[in-house]
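One structure is given here, and the rest of the page talks about it.
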Amino acid sequence: MSYAIEMRHIRKEFPGIVANDNITLQVEEGEIHALFGENGAGKSTLMNILFGLYQPDQGELYVHGKKAVINDPNDATRLGIGMVHQHFMLIDKFTVAENIILGREPKKHGLLDMAKAVKIVKELSEKYGLDVDPYQKVEDITVGMQQRVEILKTLYRGSDILIFDEPTAVLTPIEIKELIVIMKRLVSEGKSIILITHKLKEIFEACDRCTVIRRGKNIDTMSISETNPSDLASMMVGRKIHVQVNDAPYDPKEKVLEIEHLNVLDSRKVNVIKDLHLSVHGGEILGIAGVDGNGQTELIEAIAGLRKVKEGTIKLNGQDITNQKTRKIVEAGLGYIPEDRQKHGLVLDFTIGENMVLQTYYKKPYAESGVLKNKVITKKAEQLIQEFDIRTPSEKTLARSLSGGNQQKVIVAREVDRSPQLLIAAQPTRGLDIGAIEFIHGKLLDEKKKGKAVLLVSFELDEILHLSDRIAVIYEGNIIDIVNPKETDENELGLLMAGRKKGGAES
Amino acid sequence: MNRLLKKVDWINLLIPVVSVVLGLLCGAIIMLIIGYNPLLAYQSIVESIFLQPYYGGETIRAMIPLVLAGLAVAFAFRTGLFNIGVEGQLMAGWLASVACAIIFGHLPKVVLLPLSILAGGAAGALWGYIPGLLKAKFKVHEVISTIMMNYIALYSTAYIIKNFLYTEGERTPTIPHAASLASPFLANLTQGSRLHWGFIVAIIAVLAMWFILWKTPKGYELRAVGFSPDASKYAGMNVSRNIILSLTISGVFAGLGGAMEGLGTYQYMTINSAFTGIGFNGIAVALLGLNTPVGVLLSGALFAGLQTGGLTMQSVAGVPVELIQIIIALIIFFVGSGYVIKWALGRLSRKGHK
C-alpha cells in the first residue's frame, strides 16, 4: 500500500542538538494524521524538512510512493505539498483574492486577470466549504478567516497534502470547531492532512491516526480509536501525567478583592464594564468564564491600574486601589500573569535574571542605596529556575530564546515568589503543552492552599471547570451568574456565556 | 546551546572590527585608483599618531567631544530612543559653559571650572528635556523634535553671541583662565597640542554611562522601558517619566561635550553658520561602538585618529584629507550592513568546521 507521505529514518542535527533522530512518519492517503509532541520535540523540524526548508542529514522521502528530493518549498509545491503556517504569511493591505493568487497570478494578454482570479477563489471556496469574501482586505477579516485564506492559498497551488502547523493556537473555540469541520471536508474531497499539535482534544476530535514524537525520537504511531487521552499524554511527556484537580477543601477566608459598581470604558470610549460586582476570597480560585470580548481584559486592566475606572471602587485587602498607579497596586499585594506573556509579561531582551525582578528591582534586597545588587538578583534567579524547573542554559539567557512554556514559567515564578495576596492569571496556559499546563495548574492550586486569592480568566472551559472553586460568568461587561463547578457542566456554562440565565430567560 | 550563544556574541563583536578593516581596504582601493600609495598613506597616519606627540595629543583632544557625543547617542539608544539632537545639545552646552565662565569670571578656579562644566551639562540637559517632554506628553517623535532643536540651537547661540557676548572675530571673548581646562603641562608634553584636562571628564562619563545603565535601579528601568514599554508599564514603571529622563541624561553627555570644546580646545565660541558635525559624528561613533561605553571610547579613538592623522596623510602621502571622510563613511556603511557581514562570517565559520 502506498502512503501519501512517507518519511523514512529521518535524521537532522543542529549544532549541539539532534532535532530529529531516526524518525519515520507514514501518512495514508485521505487521512488526518496528527503529529503530536511537546514544544521542542522536533515536530516543526520534521515538517520543515518535508516542506524543503531544511535538508535531512539522513533518511528518505516518498510522496505518493515515489522517492522524492525536496530542495526548497517550490519543489514541495510541485509535489502537491502545501503548508498552512502558524503565523500567517499574508499581506494585510491586499484583498483575499490578491493574497491567494500572489506568485501565480492568472493573466490575460500579459495583464493581471482579476476577474478570473476572483472566479477561481469563489469556486475553490465553494468546493471545500471555505467561506471567504474575495474582495475584502486581509486586515479587515477575522483570524479564522485569515486562516481559511491560507488554506485556499495552498489549494490554489494544487496541493493535495496539507500540513497544518498548530493551526488552533490563534483561534477561538468556535473557530476551532469550524476548522475541524473544514479539515474533514478537505479529506472527504481526497486531500491528506498532517496536523501538528500538542492539544489532545483536537486529536480526538479530528484525527484518524497519530504519530507521537518526543525529544526528536519516534515514540509510536497508532489509530486514534485504539488509544485514549491519558495514554497519549503520557506518551508525549514520557511519564505519567497527573491531571491537577482542585481537591483541597474549599475554605474561603476574608475578602481579598472587592469590586463594587465598577464601570470601565474601552479604548473607543464604550462602556464595556457595566456596574460590575465581584469579590474574591483568600483560599479560593475564582474562575471567570466568558466569550472573548465581554470585558475580561478591561476588568483585569482596571484592577491592575492599567485602565481608568469611570465609576465604582476596587478594594484590595480592604485598601482602596481604584485608579491608583500600577506600582502602588502591586505593592498592595497584586500578582499578575498577563494574557500576552511576550508583550506584557516579559522584557524579551532582558536576561531571565533581570526579568525575575521586574517589579522589585528598586527594593531591598535587589537594590541598596541606589545600586543594583546583581549578585543577589542572580542568586534569586538561579533559585527560581531550580524551583520552577525552567529549562535554560543559565540565568544569563535572554527571555527571548526560551520556549513559550519556559517563558510562562519565568512569569509564574516571579509573580508567585512575591507572594501576592491576589494573583490574577489571564489565559495562563494558552499555547502551552501538557507538561507545562500541568505544572502551572499545580502552582495556581498551591496559591489557593496557601490561603491566597486567585482570579483565573480563561477561554478554556476545561481549565475553568477543573481549577475553580466558584465560576463567575461574564457577559457584556457584567457578571450574570456565579455557579458552583461541581453542580454545572459545559452546556450550562455555554448557555450562560451566551447571555441566557438559568431557566432560559434572556438576561 | 551554550556554545551556540557564545558564537553569536563573538560574531556581533567582530562586526565593527570587520567593518573597519573593510572600510580601510575600500579606502585603499580608491587611493590606488586615483593614483596614490595607500600603504604610505596609512603608514603616515599610524606613525604620526603614535610617534609624534603633537598628533597623539591632538587625537586625544579630538576624542573628547566625539566620545561624549557618542555616549549621548548610545545612552538614548539603549533606552529605545534615537537622539539626533546631540549636535544642538552640544552647542547649547558649549555656549552655556563659555557664558558661565565669562559672567562669573571673578570666581576662583575651584568654583568656576566645575560650575562652568556643570552649566554646559545643564544646558544640554535642557535641550534634551524638551524633546523628551514633547514625546512623553504629546507623542511627538523624538527624531523630528531633536532635529528641530538642532536648528534652534544653531541660530539662537549665534543670536546670543552676537547680542550679548560679542567680540571681534565673530566670537565670544576668551574665557578667563580660572575656567579653562587647558594645561601648559599637557601642551608641553605633547609638543604644543591643544590636549586639555577634559579627557578626564570623558573617562568619567564613560564610567558613568556604564554605572547608570547597568548598576542602578534607575538604569535597569530605563533599559526595560527601552526594550519593552508595554511590559514596563505592566510592571508598574512610569514610561513617560523614563523617556524624559533618558533624553535629559543623554543631553547632559552632549552638553558636556560642548563644554569641553568651549573650556578646553577653543576657550571661546564662534558664531557658527553651520553645524559643528561633532554631534552627527557621535551617531557614527555610537553605532560603531555597538552602543556600549567601552565601544564608544574605542570607536571615538579611531575616528579621532583618522581625522587627525588625515592631516599628515595629506602632507606626507599627498592624499587629500577628504578621503578620510570617505573612509569613515565606508566604515559606517559596513557597520550598517552588519547583517550581511554576520551572514558571511557565519558561512565562513561553518565552512571552517566542515
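Backbone N, Cα and C define each Cβ position, glycine as well.
What TrEMBL records for B:12-39, B:59-77, B:84-104, B:110-130, B:142-161, B:195-214, B:243-260, B:266-289, B:296-317, B:323-345 is transmembrane segment.
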Contact between the transmembrane segment (B:59-77) and the transmembrane segment (B:243-260) (3 or more Cβ pairs under 8 Å, separation 6+): yes
Contact set, same chain, for the transmembrane segment (B:110-130): CB under 8 Å, 6 or more residues outside the stretch: 72, 83, 85, 88-90, 92-101, 104, 145-146, 149, 153, 175-176, 178-181, 201, 244, 247-260, 262-263
Same-chain residue ranges lying at least 6 outside the transmembrane segment (B:323-345) that approach it to Cβ under 8 Å: 11-12, 14-16, 18-20, 22-24, 26-27, 30-31, 41, 281, 284, 287-288, 303, 306-307, 309-310, 313
Considering the transmembrane segment (B:195-214), which listed stretch of B:84-104, B:142-161, B:243-260, B:266-289 counts the most C-beta pairs under 8 Å: B:243-260
Top Cβ-contact partner of the transmembrane segment (B:266-289) among B:84-104, B:142-161, B:243-260, B:296-317 (pairs under 8 Å): B:84-104
Of B:84-104, B:243-260, B:296-317, whichever stretch has the most CB pairs under 8 A to the transmembrane segment (B:142-161): B:84-104
Beyond the flanks of the transmembrane segment (B:243-260) by 6 or more, those residues with Cβ under 8 Å of it: 64-69, 71-73, 75-76, 79-81, 83, 85-87, 89-97, 116-117, 119-129, 131-133, 135-136, 142, 146, 181, 196, 198, 201-202, 205, 209, 212, 218, 222, 225-226, 278-279, 282
Residue numbers, six or more beyond the limits of the transmembrane segment (B:296-317), whose CB comes under 8 Å of its CB atoms: 16, 20, 36-37, 40-42, 44-49, 52, 55, 58-63, 66-67, 70-71, 74, 202, 206, 209, 281, 284-286, 288-289, 323-324, 327-328
